[in-house]
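The structure under discussion is supplied below as structure tokens; questions concerning it will follow.
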């Protein structure tokens, strides 16, 4: 406590004023959170007017244990120094503090000293704490992003979309980043404090937090729990009984809170979109502009030869040994915006960061930051991990048949499969933006092949001339729980009738190409007339795939055609994404902060079997913390289940309530309700009067877009 007989009464951090000026008011207005490179103010309250003979001084301590001490100069200084100026007004002194734009981010404590004319400390205030964050609005900050619309999305938006599905059937997953939810900022710095570097040498780690390259690389390592006290444990085998299935999460906040409350114990379980969602939350919270990215047909090249090699025997059984090259149906990572002062000029801007534990980088499971421009131009030597990211978006797919004597024959080469429809959410709404051109030149173009060669590899060439038999696989829209047909067409483009053996298999796979079991297999001997086509139909029934289909609801169909008496072999493969039902979410009540709302949630079982153990998971930034609601009973085929939830919004603005449903035989069913929340009823009436919007449109909550709320004519 301050001495009541002294000069100082106390210090007001002016949290509300500063938070508004620094765009941190959504985080907290009861604590001080400010951004570096931008001045903020404190009010020093005194019992009496300060004597002109006395001077004020200021000391900062930074770090968990105050490892770094910073003296704040009492006169204007250069950009690389902390300094303050004072303005007196009777018994109060306004202190305006200027921080360098390259100051380390973290938790600071500030103490004001009263000095005698000869420099002795007469009195000091009780230390007060504040958080300093990166500042993408400050030109001198290395994360500066000169576009207000981009900052609204990549720093301030708490809701977003993560893209899933397949390149030809893209789906979006609503995700609650929740970077401004209560205590999230504390957890973000707690994660940094638990990194191996911080635990080994806290003073050096604290100083390095001035650099977004260092901070973002640390975060990508700490989001996964493979090497350290990281946040999320990954699992892909479908066995999640000792944790939460990755598909059940609807946002980052419950994961971060669970990790913190358990004393830095890993949270089970996550997969790539969970890792990317959590990383996006942390980086946005710290002030680094960040967006989630999805790459379709994403290569995992284990041997670094820029090829993905698939090896099959003559029965279409995989014969790859050890760690296999794979193509993931999709893979999610994040991009963060920053300068790269550690690299030659030209590599600033978006940097790819991948927290999913795939390969080690400098001995640790992390990836990036890697300049996206370096990937596009084939500069695979650039820090960090440019060669690995390059292969993810630009490897060639080579398929081989391995014969009993060990000989193998290349049966297909596809230079266009890997790295398609690279996607992120648009800043202009819930739409997909294609950013493939940032990562690669157009597939098949001369420039793209030149870059592939520049990356240090010979361009693979197909074996021999094209054969006279060609394969195509077609299918109608496939819906989970129904039967559907897959049609394999064999085209004879030659001038002679051609006998051949056709093998078609269907396998349940995960999004990252792990096999969960064979669904159905068909073989046929056929003769294809010259200039004609033969069609073979594979009927896939729910009884074939229902027991083995993964939580990603993906079926891979592979067709192998062997020409009789000739070495010619043709192979074709497609991934079939089974369409999922949706939850219906309707919210009833006035969309006003602190006023109770009721959410009605319903789901109809699309499967021909009974579902057991159903659970709804609900959360929404500014609406409600994550909650689980058990389905009251088993759900029979075609049966509807309804539950309801009451909650009180805590913050105004456009908010999204996200709902997930999981049961024993179906997972990852999503629903969303979007609400416009105003601070009070008076604000509703003001909008009605100002813009002529009917009040019933403002009160309504709507599913999927403002059109259904009746707001479209007013926007």
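Each position is counted from 1, following the chain as shown.
Using N, Cα and C of the backbone, Cβ positions are placed for all residues, glycine too.
So TrEMBL lists the following for this protein:
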DOMAIN    264-357  domain 'Transglutaminase-like'
ACT_SITE  272  active site
ACT_SITE  331  active site
ACT_SITE  354  active site
BINDING   394, 396, 443, 448  Ca(2+) binding site
Which of the listed recorded positions (354, 396) has the least company, meaning the fewest other Cβ atoms within 10 Å of its Cβ?
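Per-residue Cβ counts within 10 Å for the recorded positions 354, 396 bottom out at 396.
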Considering only the active-site residues 272, 331, 354, which residue has the minimal Cα-Cα separation from residue 394 (Ca(2+) binding site)?
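Considering only the listed active-site residues, the nearest one is 331.
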Determine, using Cα-Cα distances only, which of these active-site residues is closest to residue 443 (Ca(2+) binding site): 272, 331, 354.
331
For the recorded Ca(2+) site formed by 394, 396, 443, 448, which further same-chain residues have Cβ atoms within 8 Å of the site's Cβ center?
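Going along the sequence, the neighbours appear as 395, 415, 416, 418, 419, 440, 444, 449, 452.
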Could you tell me how many residues in the domain 'Transglutaminase-like' (264-357) are helical, how many are strand and how many are coil under DSSP?
15 helix, 40 strand, 39 coil
Using a Cβ-Cβ cut-off under 8 angstroms and a sequence gap of six or more, which residues of the chain neighbour residue 448 (Ca(2+) binding site)?
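For residue 448 (Ca(2+) binding site), the qualifying residues are 394, 440, 441, 442.
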Between the recorded positions 272, 354, 396, which lies closest to residue 331 (active site), Cα to Cα?
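When the Cα distances are compared, 272 comes out closest.
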Can you name the residues of this chain that are 6 or more positions from residue 272 (active site) yet have a C-beta less than 8 Å from its C-beta?
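Counting only residues 6 or more apart in sequence, the Cβ neighbours of residue 272 (active site) under 8 Å are 328, 330, 331, 332, 333, 356, 511, 512.
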For residue 443 (Ca(2+) binding site), list the number of other Cβ atoms lying within 10 Å of its Cβ atom.
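So the Cβ neighbour count for residue 443 (Ca(2+) binding site) comes to 15.
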Round to a whole number and give the Cα-to-Cα distance in Å for the pair residue 396 (Ca(2+) binding site) and residue 354 (active site).
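Approximately 21 Å lies between the Cα of residue 396 (Ca(2+) binding site) and that of residue 354 (active site).
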Let me know how many other Cβ atoms fall within 10 Å of the Cβ of residue 394 (Ca(2+) binding site).
23
